[in-house]
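**Student:** Questions regarding the structure given below will be posed in turn.
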Amino acid sequence: MDDRSSKKRKLKDVNGAKASGAATDVTVKPKKLKKAQSQEEVEPKVEKGSKKEEEENDWSDEEENEAADDAGHSSDSDVDEGDDTIAAPAKEADGDIPGDLTLPTTAESEAQAFSELNLSENTMKAIEEMGFTKMTEIQRRGIPPLLAGKDVLGAAKTGSGKTLAFLIPAVEMLRSLKFKPRNGTGVIVVSPTRELALQIFGVARDLMKHHSQTYGIVIGGANRRAEAEKLSKGVNLLIATPGRLLDHLQNTPFVFKNLRSLVIDEADRILEIGFEDEMRQIIKILPKERQSMLFSATQTTKVEDLARVSLRPGPLYLNVDEEKEYSTVEGLEQGYVVCEADKRFILLFSFLQKMKKKKIIVFFSSCNSVKYYAELLNYIDCQVLDLHGKQKQQKRTNTFFEFCNADRGTLICTDVAARGLDIPAVDWIVQFDPPDDPRDYIHRVGRTARGTNKKGRSLMFLLPSEVGFLTYLKQARVPVVEFDFPTKSIKNVQSQLEKLIGKNYYLNSSAKDGFRSYLHAYASHSLRSVFDINKLDLAKVAKSFGFATPPRVDIQLGASMSKDKKAGGRRAYGSQPRQGGTYGKRR
């Protein structure tokens, strides 16, 4: 971007970061900021901390929620305080590349190494320090058009290296336009989950180590006041979750009128978890003259609708998976085991005991199931970490990084950890509760065998009534084989488990919550032909939670089965199951 002909681009001064009496105008219409403060107030100097300080402070919540404490990583020594004009290349970041431009796609015409991209010295230095030399396919095909200002709609498997694919062009753009804190936010990256946002923030921190531009993060559960303070000082590259970003756009006086680039990562997941309205509002508030990048593992109708409103006409479409034989990464050995519901827990317990020296992630379908099984396993000296959406952000952050830094151990979690997270050296992915569909399966197993020539294994538990799910996996090009577990290797701890749950009030209460949530999750499965709640054997399911007889729990089937048009009544399931132990018909 350096060697293009120069052209002047005016970036308006962010003079009113703390505009008095005009909060509404500042948020929705930043152009109405008044120059009420001195240059020094507008563009405060933010000290650049040591690497050790960054590691200790960046990720803690109340203090790191001051996760924007590191967000102010800025050097203002080269600021010309009287100059608001920023030099830009002739082809601007939101430039006028024709929508029908055909870019070369053959391997011969693509750069293979980062050093061939003509990146800035500071960016190249950071990439080398991060240990990267060769580009992945999404990086080879995505970075050059993004550097040229093209809008991109990308489809790539998790673990494909897309984080660097969108961060490198963003950082180069900020450097090229000489963004300073007073210019406000030039790049926004939207992520579906807090953990993924923290991970992207970590990559951005490493990539921007030698640049003077500022970076920060705003996520739900973090200290909102600390975030607002950092934003008011000027955050050039902002990573955010949708809900908290919309909150700040509407209620925090900060400058985003100079936005040049919007990145929407894991767009399908953002929409799946219910942020469609927030995303539409965010796009409506942000400046229209910008470059946009949208990445999604699957191209659903909703994703296409979001792409239509967020991208300019004629975006470049990149699909690095279309020619692959399988939908999952190479080096991943995938298997399943078919067992009755009452044998599920003892099989899982035996597996974890046998694999104590491995690094394992176990997926469950609900927060309460994760909570219960974590309490149970830790109580019986099978140490595990747990991660789910009901935890406070501080706990989630600490757990995530503790597991990332561990050489071995077990993390049990909900799908909050299934998307995008780059956890090093995971040996096994265990899907104790089945995924909602093949897409979720692919994202779950994507936590292992990440990177070039990496190996990993996955294991999925299926009930005999659920084997039809294998047909859907085959249609989705997912190769799985049946694993066999010798009976002699299984530790039969069922009777001890039932005694423990019978006498321990705390575990008993937690088990009931887990049992109820499991039924709710099962009732809400999208593949009803495979995961039919009426085929569940209640007595056997209860045994997997440690109950000798099913507890009496009330669930609202109508609420769970939102896709069913019929009104579902409230009914109790419990100590007197119908003949055969099944649910029978819903009322």
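Note that Cβ sites are derived from N, Cα and C of the backbone, with glycine treated the same way.
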**Student:** According to Swiss-Prot, motif 'DEAD box' applies to one of these ranges: 265-268, 365-368, 513-516. Which one is it?
**Tutor:** 265-268
**Student:** Do you know which of 83-111, 112-140, 286-314, 547-575 Swiss-Prot annotates as motif 'Q motif'?
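**Tutor:** Of the candidate stretches, Swiss-Prot labels 112-140 as motif 'Q motif'.
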**Student:** Can you name the far-off residues of the same chain, 6+ from the ends of the motif 'DEAD box' (265-268), with a Cβ under 8 Å from a Cβ of it?
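**Tutor:** Here the qualifying positions are 162-163, 166, 189-192, 196, 200, 294-300, 302-303, 306-307, 419-420, 439.
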**Student:** Rank the binding-site residues A156, S160, G161, K162 by the number of other Cβ atoms within 10 Å of each Cβ and report the first-ranked residue.
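**Tutor:** Buried the deepest by this measure is K162.
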**Student:** Apart from its near flanks, which chain residues at least 6 from the ends of the motif 'Q motif' (112-140) lie with a Cβ under 8 angstroms of it?
**Tutor:** 1-3, 147, 154, 156, 160-162, 164-165, 168, 171-172, 175-176, 206-211, 318, 320, 452
